[in-house]
Amino acid sequence: MLMTRPNLKGRSFLAEKDFTQEELLYFLDLAAELKEKKKNGIPHHYLEGKNVALLFEKTSTRTRCAFTVACTDLGANPEYLGKGDIQLGKKESVEDTAKVLGRMFDGIEFRGFNHETVESLAQNSGVPVWNGLTDMWHPTQTLADLLTIREHIGKLKNVKLVYVGDGRNNVANSLLVGGAIVGMDVRICTPESLWPAQEVIDLAKKYNEQVMITSNVEEAVANADVIYTDVWVSMGEEEKFAERVELLKPYQVNMKMIKATGNENVIFLHCLPAFHDVETMYGEEVYEKYGLKEMEVTDEVFRSKHSKVFDQAENRMHTIKAVMAATLGNME
């Protein structure tokens with residue numbers, strides 16, 4: 001049953017920090033409801049007749065597919081604009097582009113590099129803008145993560161989530177702050193040189209003093225409910241690969257780490273794509289250069305009963321749908 005519905009109409013969805021605990025939990029409740037409706041073939045055309053621009057500076061599989069299917073299910077018309085279709089800040093300023101798109105579209109999704117770009121789109125377009133990923137935050141991913149955790153564990157409050165890997169990336173930032181807002185015990189486990197920015201840590205601690213930042217794997221994973229990792233090198237950082245491999249080898253998620261939690265029901269999450277074998281061109285290249293058949297997670301863990309990564313990937317669509325419906329849709 002849905003909790004009391006907050007009024008989110010016309011709001012942009014740029015980062016978790018812009019929302020209260022009640023609002024984030026409402027997104028999850030709505031996502032669960034829409035997921036059930038889709039499963040049962042019940043129409044939910046809350047965006048009937050709306051036009052949505054999907055702006056992608058960065059390529060994507062899950063984000064693009066999730067937004068496209070979500071738009072279609074909600075009755076909206078999605079228009080994909082890749083980096084070759086739109087020149088944000090090159091031939092036309094972001095401000096001018098936002099004003100043009102706002103005259104033609106009812107909502108805008110942006111996936112790219114600078115967070116300032118998505119903020120400018122929101123400030124100048126006059127329509128709801130949704131952050132599909134920036135270098136700073138990845139809020140639609142976090143909503144999917146939270147829904148997946150709640151589905152498998154039954155709650156969020158006091159759930160111990162350990163993020164292991166590059167603690168400075170957008171996924172870690174969003175999990176740290178978003179998890180703290182909903183009352184989770186979030187722990188970031190990474191070498192000190194990759195700890196989150198102090199401003200992000202301070203922001204998370206405003207919501208929950210339990211936040212832990214540590215380089216000690218054993219300390220971090222003790223009694224964990226969720227182990228989460230991401231790629232060791234984000235898009236645009238490929239030149240740092242050799243350095244990151246050496247730094248993060250001790251933080252690989254393997255069965256030894258899973259067992260160290262002491263929780264036989266611990267779940268494993270990853271925002272994907274994951275480098276857990278050599279079945280890709282990238283995986284082959286890494287193996288040839290560094291002799292690694294697995295990187296941030298072993299194939300054993302990835303394919304184990306603990307892994308919920310494909311539930312998590314599916315939930316991108318349901319949570320994105322909830323965000324669009326709540327901020328743009330006719331929910332009466």
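Positions of Cβ are set from backbone N, Cα and C atoms, glycine also.
So that you can see what the record holds, here are the features copied from Swiss-Prot:
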type	residues	note
BINDING	S60, T61, R62, T63, Q87, R111, H138, P139, T140, Q141, C271, L272, R316	carbamoyl phosphate binding site
BINDING	N170, D230, S234, M235	L-ornithine binding site
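Within 10 Å of N170 (L-ornithine binding site), as judged by C-alpha distances, the binding-site residues found are H138; the full candidate list was S60, R62, Q87, H138, T140, C271. One residue stands out among the binding-site residues S60, Q87, T140, N170 for having the most other Cβ atoms within 10 Å of its Cβ: T140. D230 (L-ornithine binding site) falls outside any helix or strand according to DSSP and counts as coil. Of all the binding-site residues listed here (R62, H138, R316), the one with the fewest other CB atoms within 10 A of its own CB is R62. Each residue contributes its Cα atom, and for R62 (carbamoyl phosphate binding site) and D230 (L-ornithine binding site) those atoms are 15 Å apart. Residues within less than 8 Å, Cβ to Cβ, of C271 (carbamoyl phosphate binding site) and separated from it by at least 6 positions along the same chain comprise R62, H138, Q141, D145, V171, D230, Q312.
All protein chains considered, the CB of D230 (L-ornithine binding site) has 26 other CB atoms within 10 Å. Within the set S60, T61, R62, T63, Q87, R111, H138, P139, T140, Q141, C271, L272, R316 that the record links to carbamoyl phosphate, no two Cα atoms are more than 28 Å apart, and one pair reaches that distance.
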